[in-house]
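Among the features that Swiss-Prot reports, anthranilate 1 binding site is placed at 79, 110, with the record citing sequence analysis. What Swiss-Prot records for 79, 82-83, 87, 89-92, 107-115, 119 is 5-phospho-alpha-D-ribose 1-diphosphate binding site. The Mg(2+) 1 binding site annotation in Swiss-Prot covers 91, 225 and rests on sequence analysis. Under the heading anthranilate 2 binding site, Swiss-Prot lists 165, citing sequence analysis as support. For 224, 225, the entry in Swiss-Prot reads Mg(2+) 2 binding site, with the evidence type sequence analysis.
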């Protein structure tokens, strides 16, 4: 570990294999807390490369508890968070819309870190039990069309690194790795990021990891989603090739709205917003969910364009299918807990 730490501290990039070696030492507890902290900060100051992120993500994926399912394709809508915008849980709400449109979702997520409410927090407030076994999560994906992959329960090797991350309190490579390490091996992904300079590199990383089609996005108003209030930078990766462009709501027939209209609050408030959107309430909250669900449907190759995706997402809500997915997930997790009681 000392040799790898010295190399990074000197501003020299690691190869993918070296990044894998460093990550393995950290995930197995062989690296000391001081070495982990120094490595993470040296890497942050130098700037993480595509090869370094790819190598680290490979190790984290390999060491995760795998979620097995029988769906031919699953999509994830997990983002980095950390944008400080305090929006409601847009990608989590969009996940129900995507599932309502017939595309299976393996939603990877966690509790809030820098925001008020993480995906795990809002799902609990919606009455969904999260303490499922890996086998039960796979069944939920198969039977309901959506499953929640609670990161701390599935990335148990993180126990060696988590205390150091908390003590540092600064962004580091692990802020990027969560959305890159879906334990159900999602082949399609919508990934929001907190920095526009990350869209293209992380799209390339997803291609390196075997994801077939992904959209990595950053709203220029600062949100780690496709924005309803400003242009969004989109790096679309399909079969390893990356194309970067900009999207505005008007491109898909939607109107812009101030970012204040999509602000969230406590987990209870955000749960109410999710339920209202899934129940068909019109307005900017619905529109931003339509936009992001459309991107996930495009990544899953369910539609050919974002505009088609918006139309299909609207059908998912207006037909009641998106709401029924939420209700089925709630009932499924309650039934499992009752059976195990």
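Placed from the backbone N, Cα and C atoms, the Cβ positions cover glycine too.
Worth saying up front: this structure is predicted, and the values here are computed from it rather than measured.
Here the Cα atom of residue 224 (Mg(2+) 2 binding site) is found 10 Å from that of residue 87 (5-phospho-alpha-D-ribose 1-diphosphate binding site). Checked against residue 165 (anthranilate 2 binding site) by C-alpha proximity, the binding-site residues 87, 108, 110 yield 110 as the nearest.
Here residue 225 (Mg(2+) 1 binding site) is positioned 8 angstrom away from residue 79 (anthranilate 1 binding site), judged by their C-alpha atoms. A 10 Å radius around the C-alpha of residue 225 (Mg(2+) 1 binding site) takes in these binding-site residues out of 91, 110, 111, in sequence order: 91.
Annotation for residue 91 (5-phospho-alpha-D-ribose 1-diphosphate binding site): same-chain Cβ neighbours under 8 Å, separated by at least 6 residues, are 77, 78, 79, 119, 190, 192, 225, 292. Sorting the binding-site residues 87, 110 by the number of other Cβ atoms within 10 Å puts 87 first. Taking only the Cα positions, the spacing between residue 110 (anthranilate 1 binding site) and residue 87 (5-phospho-alpha-D-ribose 1-diphosphate binding site) is 16 angstrom. A simple Cβ count within 10 Å picks out one of the binding-site residues 108, 111, 165 as the most packed, and that one is 108.
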